[in-house]
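**Student:** The structure's right below; bear with me while I get my questions together.
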Number of protein chains: 2
Amino acid sequence: MKKHNYSAGPCILPQEVFEKSAQAILNFNNSGLSILEISHRSKDFVAVMDEARALALELLGLEGKGYQALFLHGGASLEFLMIPYNLMKVEGKAAYLDTGTWANSAIKEAKHFGETVVVASSKAENYNHIPKGYVVPSDADYFHCTSNNTIFGTQMKEFPSLEIPMVCDMSSDIFSRTLDFSKFDLIYAGAQKNMGPAGTTLVVVKEEILGKSGRNIPNMLDYVQHIEKESMYNTPAVFPVYASLLTLQWLKNLGGIAAIEKVNEAKANLLYTEIDRNPLFKGAAVAEFRSNMNATFLLNDETHAPIFDKLWKEAGISGLPGHRSVGGYRASMYNALPLESVQVLVDVMKELESKI
Amino acid sequence: MKKHNYSAGPCILPQEVFEKSAQAILNFNNSGLSILEISHRSKDFVAVMDEARALALELLGLEGKGYQALFLHGGASLEFLMIPYNLMKVEGKAAYLDTGTWANSAIKEAKHFGETVVVASSKAENYNHIPKGYVVPSDADYFHCTSNNTIFGTQMKEFPSLEIPMVCDMSSDIFSRTLDFSKFDLIYAGAQKNMGPAGTTLVVVKEEILGKSGRNIPNMLDYVQHIEKESMYNTPAVFPVYASLLTLQWLKNLGGIAAIEKVNEAKANLLYTEIDRNPLFKGAAVAEFRSNMNATFLLNDETHAPIFDKLWKEAGISGLPGHRSVGGYRASMYNALPLESVQVLVDVMKELESKI
């Protein structure tokens, strides 16, 4: 039976990425060797890394604007500490917007390095919205925000205009919507949502903001070192980088971010319309801040859960249970999830209504 | 044509690892989903991580001896800094044995954290041997060594007995030879030699040595955090961990480290015997310290290189050129390289002799 994978991440990727990457494990570029056994310094893999870095910048519209793209180890969680290490001055401070669990983890890690000002938080309302009207101190070394909050299903629809560097964790919505990415000085994203499988992290950084923290940075945590070594400071995660390249190529062939944004809007509209229409359900996040990537919703009457769970499982849906912090359901609709899968879920929600 | 892959890493893995991992990308455990799209919190992947951790300890003979196995991000290069962060006291010091490029990188990273005593170095002789007779200061917080030096083709045949914690980078020979692994308090290894594809790093640590550095350790760099979260502090590199598990299962089925050690000795004996016998070649490393994993050798007359290079390429050999620091040739004979491939190389060396 066809599966409809709503997993929050790692998550569905394009079918052609599965097919091409499985083939590369058996025979990469007709070399007679597996992509798992080739040197990262081989011509074929250097070409993969170079293309992946260039394509990331191209898709974001950041070519020739002073940015470098890196595919690093460690997940977004390693960036939580690399960012203050590289950007927070020794006696300086940083400003953070607290919009969810991951923003909070980034804040905790920054506190190991110095003064960390939380400009606003929606924690008291279980992160069901994005704070507004906050003031970012103009003497902070940088401002950090999280564009999409996977767990709570909220998404920043606008970003402040600042004189200080703006850093954004886009792990769960990068490459999903058009933005003026040149507003940001550092963007990072764990691969395992819209970019590829788990195991690599994209960092896009404006070079001019680096080298100013005055800290004694270990080489492996120093963005300058990674840039100098063209994202090969040490052996990169070869297969995750390759599968990420395949995913970025798929996106480019579709028409890039502008094209996928329309699909993502259609999927989100379809599902949110049903959540709002169907008397059995309610959305978890404040409507104005609803994420187009992760729709969080609840049954108005929890006793309907067993029958709803049975229905969606029978329809081939997986990965729908909500995170324990919110409960209910979470439909993650990343780039590779087809509109058809959302229709299947909406049909199940209607079917539940007809049965109650 | 059959390929004989002598790549120094990433390197050859067992054929069944390629086949099973390619299959898992198309359909993992008959779930109808790819291993690239499942949650790392899914029951199926938690089972992979648990088995990989347990099997690593089992193969090393360290079960029930107070050790924890972790599959982390970042490569050995991240361990270069995690080790001093976790083990070097704030006003303490660490002792390092300098046996090659990677040992040297570990030393450079440790210097960011405090006093780093180099107890001995073979750098002046281009790392062609392992120093002997060095003294490890008994007041150091730990002693760090590198069991096998991939670039120079040397291998530590004995290890000191110390009262302080002993840390060993076994990236290029872990799981290749029997050792009393309980002599070590922390063992680490990038996966991409004998354990799996690039993208994950095994850390085996004796829990009792942790929590004593007095440092303010960022969570993501804190071994205690990774142990508490059962190697899932953040999303692990799902596919590299899975392929590593397949490789460890292959090794167990072969009979474990003792069984592969015999194969590795046979391969090394075959090649070194030819290097010593054949008047056209000479070994690069001092014989006593020759590595069973990476054999470095040179032509006595460089003008024979074009014909030798032609011959081994025609025989289906790849990855044989030496590292630029040594020149000549390097035959990396990791666990998955069959004896047959070494015979092909030896035959080519004999053929060269017959043609000169």
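From the backbone N, Cα and C atoms, a Cβ is placed for every residue, glycine too.
Copied straight from TrEMBL:
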type    : residues                                                                     : note
DOMAIN  : A:5-345                                                                      : domain 'Aminotransferase class V'
BINDING : A:Arg41                                                                      : L-glutamate binding site
BINDING : A:Ala76, A:Ser77, A:Trp102, A:Thr150, A:Asp169, A:Gln192, A:Asn234, A:Thr235 : pyridoxal 5'-phosphate binding site
MOD_RES : A:Lys193                                                                     : N6-(pyridoxal phosphate)lysine
**Student:** Under 8 Å Cβ-Cβ from A:Asp169 (pyridoxal 5'-phosphate binding site), six or more apart in the same chain: what's there?
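**Tutor:** When sequence neighbours closer than 6 are ignored, A:Asp169 (pyridoxal 5'-phosphate binding site) has A:Ala76, A:Glu79, A:Trp102, A:Ala103, A:Ala106, A:His144, A:Cys145, A:Thr146, A:Ser147, A:Tyr188, A:Ala189 within Cβ distance under 8 Å.
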**Student:** Listing the binding-site residues A:Ser77, A:Thr150, A:Gln192, A:Thr235, which lie under 8 Å (Cβ to Cβ) from chain B?
**Tutor:** A:Ser77, A:Gln192, A:Thr235
**Student:** May I ask for the distance between the residue listed as 'N6-(pyridoxal phosphate)lysine' and A:Ser77 (pyridoxal 5'-phosphate binding site), taken between their Cα atoms and rounded to an integer number of Å?
**Tutor:** 15
**Student:** What is the number of other Cβ atoms found within 10 Å of the Cβ of A:Thr150 (pyridoxal 5'-phosphate binding site)?
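**Tutor:** By my count, 25.
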**Student:** Return the count of C-beta atoms lying within 10 angstroms of the C-beta of A:Asn234 (pyridoxal 5'-phosphate binding site), excluding that atom itself.
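**Tutor:** So the Cβ neighbour count for A:Asn234 (pyridoxal 5'-phosphate binding site) comes to 22.
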**Student:** Would you give the longest CA-CA distance, in whole angstrom, between residues of A:Ala76, A:Ser77, A:Trp102, A:Thr150, A:Asp169, A:Gln192, A:Asn234, A:Thr235, the set recorded as binding pyridoxal 5'-phosphate?
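**Tutor:** Farthest Cα pair among residues binding pyridoxal 5'-phosphate: 30 Å.
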**Student:** Return the count of C-beta atoms lying within 10 angstroms of the C-beta of A:Ser77 (pyridoxal 5'-phosphate binding site), excluding that atom itself.
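**Tutor:** Within a 10 Å radius of the Cβ of A:Ser77 (pyridoxal 5'-phosphate binding site) lie 23 other Cβ atoms.
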**Student:** By a 10 A CB contact count over all chains shown, which of the recorded positions listed here is most packed: A:Arg41, A:Lys193?
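**Tutor:** Result of the Cβ crowding comparison: A:Lys193.
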**Student:** Highest Cβ count within 10 Å among the binding-site residues A:Gln192, A:Thr235: which residue is it?
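**Tutor:** Within the set of binding-site residues, the most crowded position is A:Gln192.
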**Student:** Compared by Cα position, which of the binding-site residues A:Ser77, A:Thr150, A:Gln192 is the closest one to A:Arg41 (L-glutamate binding site)?
**Tutor:** A:Gln192
